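**Q** Supplied in structure tokens, the structure appears directly below.
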Amino acid sequence: MDRMEELGFRSETDRQIFREAAAPVELSPFGLHSGMFVPTLERQGTPEQSRKWVPLGKSFKMIGTYAQTELGHGTFIRGLETTATFDPETQEFILDSPTLSSIKYWPGNVAKTVNHCLVMAQLYTQGKCHGTHLFLVQVRNMEDHTIMPGLEIGDIGPKLGFDGVDNGFMRFNKYRIPRMNMLMRYAKVLENGDYIKPKNAKLTYGAMVMIRVFIVMDAFKTLSRAAVIAVRYSAVRRQSELRPGGEEAQVMDYQTQQYKLFPLLATSYAFLLAAEGMSQIYAKISSDIERGNLEDMPQLHALACGLKAFCTWVACEGIEVCRMSCGGHGYSHASGIPKIYANIVGACTYEGENTVMMLQTARYLSKCYIRGQRGESLPELIQYLTTDLNVKSTLGEDCSFESLVAAYSHRAARMVAVACKLQQTNKKKGMAGHDAWNKSTVPFIAATKAHCHLFIVRNFVTILSQKKIDPATHNVLSQLCTLYAVYGIVENMGEFMQDGYFNQDQVSILNRKVLALLEDIRPNAVALVDAFDYPDHLLQSCLGRYDGQVYEALYEYSKSSPLNNTDIHSSYYNYIRPMMQKRSESKNISAKL
Ligand SMILES: CCCCCCCC/C=C\CCCCC/C=C/C(=O)SCCNC(=O)CCNC(=O)[C@H](O)C(C)(C)COP(=O)(O)OP(=O)(O)OC[C@H]1O[C@@H](n2cnc3c(N)ncnc32)[C@H](O)[C@@H]1OP(=O)(O)O
Ligand SMILES: Cc1cc2nc3c(=O)[nH]c(=O)nc-3n(C[C@H](O)[C@H](O)[C@H](O)COP(=O)(O)OP(=O)(O)OC[C@H]3O[C@@H](n4cnc5c(N)ncnc54)[C@H](O)[C@@H]3O)c2cc1C
């Protein structure tokens with residue numbers, strides 16, 4: 001913190017970039033404090049509460065996290081069992097974990113790091129439950145960091161990754177906190193126990209929406225880092241003869257290697273622009289919400305859910321492709337890619353399990369489809385739902401941006417219509433609403449992915465058509481944008497072709513175009529990854545280092561393996577030699593028999 005003051009970092013974004021540079025792969029043990037705990041105090045606390053607590057948080061005099069998930073519930077927030085019961089006699093809330101399944105489980109940094117938590121609990125006052133609300137809870141003694149009486153806290157044990165975060169469990173036993181520790185910006189409990197309800201119960205979910213927006217940027221960061229490593233390594237690695245008798249080829253000259261990596265390079269650029277677009281939309285709508293205008297809250301929720309799920313799924317699949325494209329060395333921690341994967345793949349689960357998030361967006365699309373069918377106006381991002389589905393593609397050899405965006409709009413509109421019609425058919429068959437919904441959720445997931453894909457393609461095209469970019473750069477970025485869109489069509493051709501939107505000639509054009517673009521991008525591939533400007537210490541990769549000295553780095557890395565600290569490992573004396581001696585003794589015996 002002091003270092004950031006010295007460096008004059010004022011904005012939270014700059015501070016976050018500095019933190020990530022300091023702890024480039026594992027999330028910092030203070031990531032949740034800065035990224036979730038403090039911003040939630042700012043956004044969900046009253047002005048008085050913010051004035052009191054935010055400075056303590058920003059100066060790390062109070063270190064916190066966000067404790068919502070329980071052993072028995074993570075997705076279904078309304079099913080959370082931790083209770084906060086108001087005691088008007090003492091002006092306190094009594095926090096309790098009434099069941100085993102109600103134990104808080106997973107909250108990051110709760111095990112050993114933090115001294116406070118924002119706890120999501122079912123609020124009870126005057127004998128009535130008012131649903132989940134957030135409470136600021138001190139969990140450790142501020143003098144000696146011991147656990148506060150009435151709490152049981154511990155670490156949940158080893159995980160796939162996320163090793164920089166001590167995810168923990170926390171059990172409350174009639175633990176008392178002051179009434180004013182309930183975050184009361186939107187809902188309140190008065191001294192007499194009266195409950196003042198919020199304009200919208202989902203305002204309490206605001207912290208999650210904010211983090212989902214951040215996670216879209218994380219999807220870009222992690223995929224682009226893996227792409228940098230894999231593309232640079234593919235330029236250095238020579239393997240096999242492309243020309244019989246010739247020198248071994250750079251693996252980046254194999255068309256298959258290009259088809260693996262260049263679409264992921266294009267996706268990295270697309271996700272960066274999508275994350276920036278998402279952040280701008282979040283900034284605008286969240287400030288409207290803070291001013292009391294909740295009109296666009298459903299649109300923000302739907303977009304944040306959809307993009308968080310879509311981008312993390314695609315990024316994780318892409319990081320694995322990057323790892324495998326590096327052969328054996330990609331499997332080593334020396335490549336840096338396994339750690340990137342292990343630390344981002346949790347994002348498909350945390351902050352809203354991806355399928356559940358996609359279904360939230362699907363639910364929004366279903367409602368918008370019905371409004372569109374009634375001729376009601378729709379938000380700009382959703383207006384494609386009223387596309388005339390009888391129109392066929394005008395795509396030509398040039399694969400123009402206009403024809404590509406039209407294709408993605410048509411595909412998403414058609415798939416949303418298919419899912420909605422199935423839902424309506426289910427209802428007409430007499431199914432209850434929840435069954436009609438559940439029995440159409442698989443097509444809705446596919447449609448929502450198409451909806452998110454359209455957002456990303458359209459956003460990329462819009463930025464290229466609006467931003468002033470020098471012609472040479474614009475040309476290369478246009479190649480990337482076209483590759484991202486054409487590759488997406490080729491890889492999902494069935495969804496674009498199902499209603500004959502493309503004719504056979506257009507399909508051939510697209511298949512030729514994707515291969516031609518690989519050749520167009522090849523000369524600029526290394527420059528395009530260098531443009532992300534990730535320093536070597538952040539990539540932590542022998543394969544992706546800027547100077548390309550891969551084998552030297554691998555050799556030094558291997559020599560530094562702890563197993564090389566001794567020539568003969570203790571396991572020889574403890575196990576191997578006794579085993580061999582036993583074998584030779586038994587052999588002597590059998591020879592004598
Ligand atoms: C510059 C600073 C940078 C700092 C960056 C820091 C780095 C941070 C990035 C990464 C680090 C992250 C580390 C990991 C930390 C992980 C933390 C966690 O995992 S915290 C726990 C997260 N848990 C969840 O997300 C739970 C998911 N479940 C839910 O959200 C809800 O249960 C639900 C699935 C949405 C269902 O809710 P509910 O049953 O109550 O509602 P429904 O009946 O489905 O819908 C009712 C209506 O409410 C609307 N709705 C629901 N949620 C919201 C919302 N959030 N906002 C607005 N509206 C919402 C829903 O759409 C329905 O509306 P209608 O259809 O009725 O109109
Ligand atoms: C690395 C990591 C860090 C975390 N950090 C925190 C933290 O700091 N604070 C915190 O509070 N929590 C944290 N969590 C917990 C996280 O928020 C939950 O795990 C997440 O919300 C998923 O909930 P769940 O575990 O209950 O999964 P479940 O919802 O039980 O998922 C199991 C399966 O059920 C399916 N499913 C569930 N509901 C539906 C539905 N309605 N329709 C269709 N399918 C459904 C899911 O798609 C999934 O396939 C963290 C988790 C991880 C992995």
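Here the Cβ of each residue, glycine as well, is placed from N, Cα and C on the backbone.
Worth saying up front: this structure is predicted, and the values here are computed from it rather than measured.
Below are the features listed in TrEMBL for this protein:
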type	residues	note
DOMAIN	21-63	domain 'Acyl-coenzyme A oxidase N-terminal'
BINDING	Thr69, Gly108	FAD binding site
DOMAIN	205-365	domain 'Acyl-CoA oxidase C-alpha1'
ACT_SITE	Glu351	active site, proton acceptor
DOMAIN	401-581	domain 'Acyl-CoA oxidase C-terminal'
**Q** State the count of C-beta atoms found within 10 angstroms of the C-beta of Glu351 (active site, proton acceptor), not counting that atom itself.
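**A** The answer is 26 other Cβ atoms.
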**Q** Name the residues of the same chain, 6+ apart in sequence, whose Cβ is under 8 Å from the Cβ of Thr69 (FAD binding site)?
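**A** Non-local contacts for Thr69 (FAD binding site): Lys104, Tyr105, Trp106, Pro107.
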**Q** So if I draw a 10 Å sphere around the Cβ of Gly108 (FAD binding site), how many other Cβ atoms end up inside it?
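**A** For Gly108 (FAD binding site), the count of other Cβ atoms within 10 Å is 25.
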**Q** What are the helix, strand and coil residue counts for the domain 'Acyl-coenzyme A oxidase N-terminal' (21-63) according to DSSP?
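**A** Per-class counts: 28 helix, 0 strand, 15 coil.
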**Q** Pop the Cα-Cα gap between Gly108 (FAD binding site) and the residue listed as 'active site, proton acceptor' into the table, whole Å please.
**A** 12
